[in-house]
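Remarks on the structure that follows.
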């Protein structure tokens, strides 16, 4: 793994943020207000050519936020960007009134693993990335809870909570989001109860929330297509609706309760366009940021966003 000490200079981001503060303000979760019924939507996008390039691409497709990987999604390395790129990125998000931006953790993390090497790696990476994303003034950091790989749900949940308790101190501006999962194999987080139990064991609960992935929650057996109100009532009873912070806007290739994870373009899957628009317009959801993770390029995501704007009226 590339060490934080060798690859990352915290002062770089701090100085970039200071420069923006001198011109106005840096965005963060504490000073941003999102107007009622203002649609906050954007794609998951590559930052390989810099944060500023990603922001410009988002603006060009008619979006006002985005999600990106905090590091290589299948490895351990992360890219260090030049200060001028970070300054331009912060300027673009401020001038274009971006909504909350979300970073997505690497898929290599497994905070529930009983394997000490895997677990220690995962604990170090999530701690490192929380610091990095917080310094970049990113509002949300979402991660997959983990796979218990045979030790059982109870022990897996304890290991996730232990990792989080050692990963942050509650003073950060960033909010950590557990993602709802479809329930493949020994995957945790496919029941709301799993997420509640993790939160209950974490000290700084005010820094935790949930990202609801529409494909995942549908595949796990929650009927968001036929009975959304009942699903949200269950969520509220288990976790509290106030902890629902963001939405992964994906259709599902597989039917309700399939426990399979395969995203499809919006309206091309088992959830369907009409149901997805209804979900977006629900009073408990419409003000949340929506991040599209469908298997399309930037042009395809631009067309999806245009379609959603027209049909949702948000």
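Even glycines carry a Cβ here, placed using N, Cα and C.
Worth saying up front: this structure is predicted, and the values here are computed from it rather than measured.
Per TrEMBL, domain 'Xylose isomerase-like TIM barrel' is recorded for 58-310.
Annotated Zn(2+) 1 binding site per TrEMBL: 104, 144, 179, in sequence order. Long-range Cβ neighbours of residue 179 (Zn(2+) 1 binding site) (same chain, at least 6 residues apart, Cβ-Cβ under 8 Å): 142, 143, 144, 145, 189, 210, 211, 213, 216, 248.
Annotation source TrEMBL lists Zn(2+) 2 binding site at 179, 213, 248, 293. If you draw a 10 Å sphere around the CB of residue 293 (Zn(2+) 2 binding site), it holds 17 other CB atoms from the protein chains shown. Following the DSSP three-state reduction, the secondary structure of residue 293 (Zn(2+) 2 binding site) is coil.
Counting every protein chain shown, 27 other Cβ atoms lie within 10 Å of the Cβ of residue 216 (Zn(2+) 3 binding site). Residues or ranges marked as Zn(2+) 3 binding site in TrEMBL: 216, 261, 263.
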List of residues, in chain order, with Cβ under 8 A from that of residue 104 (Zn(2+) 1 binding site) and at least 6 apart:
44, 67, 68, 69, 70, 73, 141, 142, 143
Other than its own, how many Cβ atoms are within 10 Å of the Cβ belonging to residue 248 (Zn(2+) 2 binding site)?
24
With the cut-off set at 10 Å between Cβ atoms, which of these binding-site residues ends up with the most neighbours? Options: 213, 261.
213
Cβ neighbour count (within 10 Å, all chains shown) around residue 144 (Zn(2+) 1 binding site):
22
Cβ within 8 Å of the Zn(2+) 3 site's Cβ centroid: which residues qualify beyond 216, 261, 263?
182, 213, 215, 219, 250, 252, 260, 262, 293
How many other Cβ atoms are found within 10 Å of the Cβ atom of residue 263 (Zn(2+) 3 binding site), counting all protein chains shown?
22
